[in-house]
Amino acid sequence: MILVLDFGSQYTQLIARRLRESGIYAEIVPFFESIENIQKKAPKGLILSGGPASVYAKDAYKPSKKIFDLDLPILGICYGMQYLVDFFGGVVACTNEQEFGKAILEITQDSVIFEGVKIKSLVWMSHMDKVIELPKGFTTLAKSPNSPHCAIENAKIFGLQFHPEVIQSEEGGKILENFALLVCGCEKTWGMQHFAQKEMARLKEKIANAKVLCAVSGGVDSTVVATLLHRAIKDNLIAVFVDHGLLRKNEKEKVQAMFKDLQIPLNTIDAKEIFLSKLKGVSEPELKRKIIGETFIEAFEKEAKKHHLKGKIEFLAQGTLYPDVIESVSVKGPSKVIKTHHNVGGLPEWMDFKLIEPLRELFKDEVRLLGKELGISQDFLMRHPFPGPGLAIRILGEVSESKIRCLQEADFIFIEELKKANLYDKVWQAFCVLLNVNSVGVMGDNRTYENAICLRAVNASDGMTASFSFLEHSFLEKVSNRITNEVSGINRVVYDITSKPPGTIEWE
């Protein structure tokens, strides 16, 4: 196992992800992790991440000096390398020769860390300070146009000024793999088949004959959680699906069919009427979210009580992922609220359940791989993200049954055409928004004054930033023609070309 000490870089999670993609398990801890906890984890090597600070700043982030007493291989990346240089007596300075973006790395000295790596390759830079003078005993391994010491080494200690974890660094994955395998002596033992077997055994032991309640949203995370639990504890799992009437077209039927194929009993609650009645007259986005969250809890509580009367429920399952865990102990300090599944926050006190989070060690891409290992269909696993409040936040203004039907039909057409054109898997997320505005149109010889629909499609890797998708005009024209001809009440279609930032992916 490789342990990554997080100094606040926006790329820290990528380090662990790249290593895991190579079959090497990696964990992330804050830079101030105690030496006792580091020793308990028994890593075979340490990676010091990048960070936004300068090593010579008064409040510069610094780990325990005792990490050097562990006699472990260490790799410093960007700030991590500069910290190593400063700690061992070298010179780091702020110059006018900052580097951001792509640069050419040229290897000047053979090293095990560069085994099988091209002499010249593209790398990703993001630094203002640079190493001016190496500490005694260190050797320069590579350079870039603005960094004479772009990679350094001293026995088992290495430094890289660039970010190997970023996809733009052509040989970055290989370099990280070399450090883990050739320097640290790790083995490729990490994978979803191994994880599934290990986690099911752990769940069986922990839960024994107790009952577990699991809220199913129809999304990937909750479906994978339910499937993993059912494999481990069979009918002691109580899976609950609340249909709030704000789902995509045919969504309920798809979820029910999926769970039937997986042979998992699913308790479906039809709560459409109560949700719509509580949303009547409400236009403000945050109030809509609040009402949906509270109403979900009421519906979930009612169903949970039924099962609780039949036999005490001891556990509640949630789809917490590893990024949520990392954020809760980041270098910014523990979060005030640990992010949880939108459906299960704020449960009443009588639901005094023990928490089970089977996916808390996994990144989103690993959850999909686990789902595949568990036999969940690829089409389902690769579906675009869908918000917890559903179509309520894609209908601007008040929500009504007629608006929901209108949006469902338009959205169905957009997604259907994306799939026909083999574009669905090429965009990160795509959907329609029903705008709270009417416009004048002409249908035949008649004047119309009807709703406008906005098409939204974005490219992203994790949703933190996104750019709008460049869809061909002919494709957009086809979608527009179908929507205006097939969906009653729509006479205008527009395409959103806003990136994030400055906009958000969802409109509300």
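These residue numbers are counts, starting from 1, taken along the chain as shown.
Even glycines carry a Cβ here, placed using N, Cα and C.
Note: C78 (active site, nucleophile) has non-local neighbours S9, S49, G50, G51, S126, H127, L160, Q161, F162, H163, i.e. same-chain residues 6+ apart with C-beta under 8 A of its own C-beta. The active site, nucleophile feature in Swiss-Prot is assigned to C78; the stated evidence is sequence analysis.
Mapped onto three states, the DSSP output places H163 (active site) in coil. Annotated active site per Swiss-Prot: H163 (among others), in sequence order, evidence recorded as sequence analysis.
Residue environment of E165 (active site) contains 28 other Cβ atoms, counted within 10 Å of its Cβ in all protein chains. The annotation active site is assigned in Swiss-Prot to E165 (among others) on the grounds of sequence analysis.
The feature ATP binding site is assigned by Swiss-Prot to S217, G218, G219, V220, D221, S222, T223, with sequence analysis given as support. A simple way to gauge crowding: the CB of S222 (ATP binding site) has 23 other CB atoms within 10 angstroms, across all the protein chains here. Classification of S222 (ATP binding site) by DSSP places it within a helix.
Sequence annotations record features per position, and here Swiss-Prot assigns domain 'Glutamine amidotransferase type-1' to 1-189 based on sequence analysis. Confidence over the domain 'Glutamine amidotransferase type-1' (1-189), given as mean pLDDT on the 0 to 100 scale, stands at 92.
Positions annotated as domain 'GMPS ATP-PPase' by Swiss-Prot, on the basis of sequence analysis: 190-383.
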- Message: Give me the CA-CA distance between E165 (active site) and G218 (ATP binding site), in Å, as a whole number.
- Response: 32
- Look at each of the binding-site residues, G218, G219, and point out the one with the fewest other Cβ atoms around it within 10 Å. G219
- Cβ-centroid neighbourhood (8 Å) of the ATP site, S217, G218, G219, V220, D221, S222, T223 excluded: V216, V224, V225, G319
